[in-house]
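Per TrEMBL, the features are:
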type    : residues                      : note
BINDING : His64                         : divalent metal cation 2 binding site
BINDING : His65, Asp103, His221, Glu225 : divalent metal cation 1 binding site
Amino acid sequence: MATFREIVNFLRTIVPEGMQDSWDNSGVQIGFDKEVERILFALSINESVVEEAKKKDIDMIVTHHPITISPIKYIDERSVPESFYLRLIQENIPVYSMHTNLDVSPFGPTAIIAEKIGLKDVKPIINQKGMPPYGLVGEIEPVSQKLLVKKLCKVFADDLYRIVNYSPEKIVRKVSVCSGSGASLIREVASVSDFFITGDVKYHDAELAIMLGLTVFDAGHFGTEKLFYGKLLKALKERFSEITFLVAESEKSPFEVPDECNGCS
């Protein structure tokens, strides 16, 4: 049976921790020298994920988002997210997180989205030495925005979408993708593509996109990152066939549309 350290070392070989941004906290969040039979993938550590891990007798959690990014000054059982450290330690459940190092990796959610929509000749949006390769740009078989949006709604099933500068019949040939929060790249994206898939787009970001003639499909932070585990899961299954891998069923986007708003005019 594989141990927590063996699994972590394998993950470090395919997605090195050294690829993370300077402000990030990817890596071991909680560590135990223990054997692992059941691994749970979750985008973040929250109340529902902790409870799910307990109920399903999980031995290890792999997340995209670290439990905390800022340094911890104290731990109080009444504070969140710090209290999750206490609870997971009490349950003997180690946690390993792969955040910005996964974002810039071929194993990450941006690369997964690019593959799912069929991008070709893919390269970093900002292809400059010393710049982290957040976001990818590539060519797509010429398609109308309307048909591309239909495809995206299947890729990001059951999520909330917004679109900026939508022209249903306009033909799309080059698409950029940045999972999570990619609005800071809008100027660079507009210079290399005509359609951008990302999340967390703010009002002034949307205004800028319109001024630059860029169409932006906002599938949300959760929506664009919830598939983060796809390539990791495949690699881990091939290396550790004796382990059972699960994906958190309790996780959902923090945003929802109230039933009262459905059909509002």
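These residue numbers are counts, starting from 1, taken along the chain as shown.
Positions of Cβ are set from backbone N, Cα and C atoms, glycine also.
A quick note: this is a predicted structure, and the numbers were derived from the prediction, not measured.
All features noted in TrEMBL, drawn onto the structure.
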| residue | record | Cβ contacts under 8 Å, 6 or more apart |
| --- | --- | --- |
| His64 | divalent metal cation 2 binding site | Leu43, Ser44, Ser97, Met98, His99, Leu102, Pro109, Glu225, Phe228, Tyr229 |
| His65 | divalent metal cation 1 binding site | Leu43, Ser44, Ile45, Ser97, His99 |
| Asp103 | divalent metal cation 1 binding site | Pro109, Thr110, Tyr134, Ser179, Gly180 |
| His221 | divalent metal cation 1 binding site | Gly180, Ser181, Gly199, Asp200 |
Seminar exercise, completed: Same-chain neighbours of the divalent metal cation 1 site, Cβ within 8 Å of the mean position of the Cβ atoms of His65, Asp103, His221, Glu225 and not counting those residues, run in sequence order as Leu43, His64, His99, Pro109, Ser179, Gly180, Ser181, Thr224, Phe228
